[in-house]
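Per Swiss-Prot, NADP(+) binding site is recorded for G172, R173, S174, S206, I247, and the stated evidence type is sequence analysis.
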Amino acid sequence: MPATRLDGKKIAAEIRSEVAADVETFVSGGNPPPQLAAVLVGEDPASQVYVRNKERACAKAGIASRLDRMPAATTQAELLAKVAELNADPAVSGILVQLPLPSKANGGTGIDERAVLDAIDPIKDVDAFSPVNVGLLMQGRPRFLPCTPHGIVQLLHRTGIETSGKHVVVVGRSDIVGKPMAMMLAQKDSTCGPAVANATVTIAHSRTSNLAEICRQADILIAAVGRPEMITAEMIQPGAVVIDVGINRVGDKLVGDVAFDEAEAVASAITPVPGGVGPLTIAMLLHNTLMAAKMQAASN
């Protein structure tokens, strides 16, 4: 029996609808609409698509959006000055700098991404990348949760999949997905309650020598490594839940980090690519932007 396909599009639509209703209530209370400011450096086609998708999602949720375009030749000092400008603008609720920044090979100036992300005011850091917000997450008292891991927690919760007492294997150790995902699931509680926390978590990565063996131990396998169809059926325990975070272009189609067709025959539930985790990332970005606006309104 093939696995249940976990419909990220449907759940993301539910979350966006909830955010839109909350925005309406927030604005009707005399507050200005939340505003998300995106900074796009260079002309990377994929980044431009992502930014357009975010703008459209903001508009549907009643969130104002602002896009600051900067040339690929922008210097680090110029980009830091732009971030400082947005930090100081009271109309801006949330700030995101679209990654990746242009490499020198693509006309960039070698900007230190970490320095730029560190410069964003933590109360406007809706991607939750700043050291302050990462530290709060580590302590179990997060201000904002990283969008993709939080979207996965919402997906698990809203489809009735519990992680408490389960062995979760996260393949990938990025600061954006792998590390925060592991930390969130290992906590005693979550935004969705303790049933979507309290996991025993293993982080695997490209240097893990016995990767297939470790993956086969997972009750829930989360693939976030950025390698097309790296996770094959023989790496999946029969009946496991498989969450595929990867988005990779192979020829004229998008594929995940999981070999979907063969994995679907082994797993009990699986996210497709596209239409799985991706839509949830933007939905949680809207959620974080509204949260930021509420916190800033309360502090004024």
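Using N, Cα and C of the backbone, Cβ positions are placed for all residues, glycine too.
Since we're looking at a predicted model, the values are computed, not measured.
Where Swiss-Prot records a feature, it is marked here on the structure.
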residue: G172; record: NADP(+) binding site; Cβ within 10 Å: 24
residue: R173; record: NADP(+) binding site; Cβ within 10 Å: 18
residue: S174; record: NADP(+) binding site; Cβ within 10 Å: 16
residue: S206; record: NADP(+) binding site; Cβ within 10 Å: 12
residue: I247; record: NADP(+) binding site; Cβ within 10 Å: 18
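For the recorded site, R173 (NADP(+) binding site), the DSSP three-state label reads coil.
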